[in-house]
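Presented below is the structure to which this report refers.
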Amino acid sequence: MTIPKSSTGQSYPPVLDYRIVQLIGGGGFSKVFRAVNPSSESHSVAAIKVISYAPNRSNKYPIDRRALQKEVQVHSILKHPNVLEFLGAVERGVDKNGNAGKEKGILMGEAVATTKESIRARDKERQQMLSSPSHDQNYVPGLYMVLELGAGGDLFDKIAPDYGVEEDLAHFYFQQLLAGLEYIHSQGVTHRDIKPENMLLDAEGNLKIADFGLCSVYKYKGKERELTGACGSLPYIAPEMNGKPYRGEPVDVWSSGVVLFAMLVGSTPWDEPTSRSPEYSAYRTGKLFEYDPWPRIPQDALSLLKKMMHPTPEKRITFEGIRRHRWFKRANDLMTQKGKCNDPVNLAEKLLQGLAVSGDIIVEVNGAAAAAARRLDLHSDGQRAQVPENVSLTQPDAILTSSFDLAARAVARGWADDTGPGGGLPLPSSTAMPAFASDDMSRRLAMSQHISSRRAEFSTTASGSGYDMALPGASQFTQALNHFTQFEALTHVAGTGSSHLRFSPHLTRFFSSASAATILALIIDVLDRLAVLNAHQAIGDQEELELEEAYNFMADGEPETTVPSDDSSRPTGGSKRLLIGSRGARIRLKTMDRRKCVLRGEVYVENLAAPDSTSDSASAPDRNAAKCLVVMKKGKGDPLEWRRLFREVCRRPEIMQTIIST
């Protein structure tokens, strides 16, 4: 595999014996890559976070070198099962004195290593630098942090928006979140950016707290200092972060309370904790508890949430108080005595069942499960039953309108030209909404049952054809996620294209019976209708699927028009010239979510069909044959909001009718 290069022709170097192989996220100053080190006994696959020191037109503010230095110093000393492990850090393309036109580094030329393996690699690289001082002159200048890979992906990628997860799952992950936070604070550190985007899963489904870029040391040798400066994401920050001094523990307690709320109901309670938010104002008066989704929250959990999100920090519950709360102390069959997942396959099954019942994933249903679904759908006279959608009765009709449309959004949220019963409190923005309007509840239940029925197959299938447990990062949890949702027709396209996308922790994906060209055109049309900035590029045989220059490594501006990447690119018709390569295409997109936060990522349309069948036939397409795979990969933003955008794409009738499985 070719080592990727930046738009300046500079390359990304080996880092502490790790070789960069795949871009997996990021934006602005930083990008995150997957990296491999086959000789490592503990982490053969890792993540490398690269913070560029190179000037870029899209970077409006200079890099905060002191903050970077603090992030490395703090994260490198944190060792806990629920904290993403820091393996090491090096700088490349820099000079500790700023000589030779290079940027001045923050590590003063010295690599940071925290494990025996990374220490050995650091010493080896040090010898190489002594023997060849100019060996890194053509590397992308920046800080390279080697981190544990969150092989299970984002936790909230597996939680249905406006639905949430069952109480035991929320309790399991909240216990792990609190364990990690208690440890962090025991070291005198406050995270200050607890949100879904910074909650990853390891290969066994356990939670890992990530990203210490906004952390601060607030306690040292028993002495505590107050902090200043608002930071984090508005829906999750504490109300006292308003420019005045605040304490370190209460702000993380508040943010973890909002995260718990989001796990239970699939939405944040407000846009921001200020008087500008009608929801937060209603929360302070107590009126908000009358409206969905608050009544859906179990009473003990609600009791804890109220204590964690008390507007007055002095009256807010502490971490110690949370641990004594009756909801926190409830038994949980998913967890070992040491606080880890005791059955990764069961955990994957429960997460997927929630997505199936909410309608956020589509699973190919056949055999007994399909027959059961048909029986549920029919009355005794053989006529189809009218199965109502599981929607709040207070939800306005506008829910079927695009949630990304600004005009419709105000009405759908209930804050424009709509009020609650009797002209009272407007409808909360987090009221429930159906995922796929054309789907019915009986089929959703059948899909959930089908996921359970496939568990018996997993132990034998996982080691058989199509499931390589020896793949880097493969585990029972990650393989179960794919096995339970995989459709049988996939075996007909095995070996075509690049399979690493098919077997990944990303659940914002679907297999389609339409051609890649058709789906590409439809997705771009949906994004245009939603006013989502987007640009696409063809992917050809001569390119690595996720590493070619089209990423414009440090570009964080608006998506730009791209050119064909090879001779296989061709227009697909329509008003806009669409580019589709022999392997498919990639769409880069950027928008603002409904909480006014940046949402950025890419959509991959991978061609699975034979070379001579890349377009839709005039005859009826084979409904069971997958012609393309679509994967939406979030780069930056709230995972719940990313899944909402995925939902919007899938709702398009022309796309929905081609979806075989997700």
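Here, residue 1 is simply the first one shown, and the rest follow in order.
Positions of Cβ are set from backbone N, Cα and C atoms, glycine also.
The feature active site, proton acceptor is assigned by Swiss-Prot to Asp193. Residues or ranges marked as ATP binding site in Swiss-Prot: Ile24, Gly25, Gly26, Gly27, Gly28, Phe29, Ser30, Lys31, Val32, Lys49. For 562-572, the entry in Swiss-Prot reads compositional bias 'Polar residues'. Per Swiss-Prot, domain 'Protein kinase' is recorded for 18-328. Sequence annotations record features per position, and here Swiss-Prot assigns region 'Disordered' to 557-577.
Between the CA atoms of Ser30 (ATP binding site) and Asp193 (active site, proton acceptor) there is a gap of 17 Å. The two recorded residues Ile24 (ATP binding site) and Asp193 (active site, proton acceptor) have their Cα atoms spaced 21 Å from each other.
Sequence-distant neighbours of Val32 (ATP binding site): residues of the same chain at least 6 apart with a C-beta under 8 Å from its C-beta are Leu23, Ile24, Gly25, Gly26, Ala47, Ile48, Lys49, Val50. In sequence order, Asp211, Gly213, Leu214, Cys215, Cys231, Gly232, Ser233, Ser255 are the residues of the chain that are 6 or more apart from the residue listed as 'active site, proton acceptor' and have a CB within less than 8 Å of its CB. Around the Cβ of Ser30 (ATP binding site), a 10 Å sphere holds 21 further Cβ atoms from the protein chains shown.
Confidence annotation: the domain 'Protein kinase' (18-328) carries a mean pLDDT of 88 in the model. Taking the Cβ of Ile24 (ATP binding site) as centre and 10 Å as the limit, one finds 20 other Cβ atoms among all the protein chains shown. According to DSSP, Asp193 (active site, proton acceptor) is assigned to coil rather than to any helix or strand. For Gly26 (ATP binding site), other Cβ atoms within 10 Å of its Cβ number 20.
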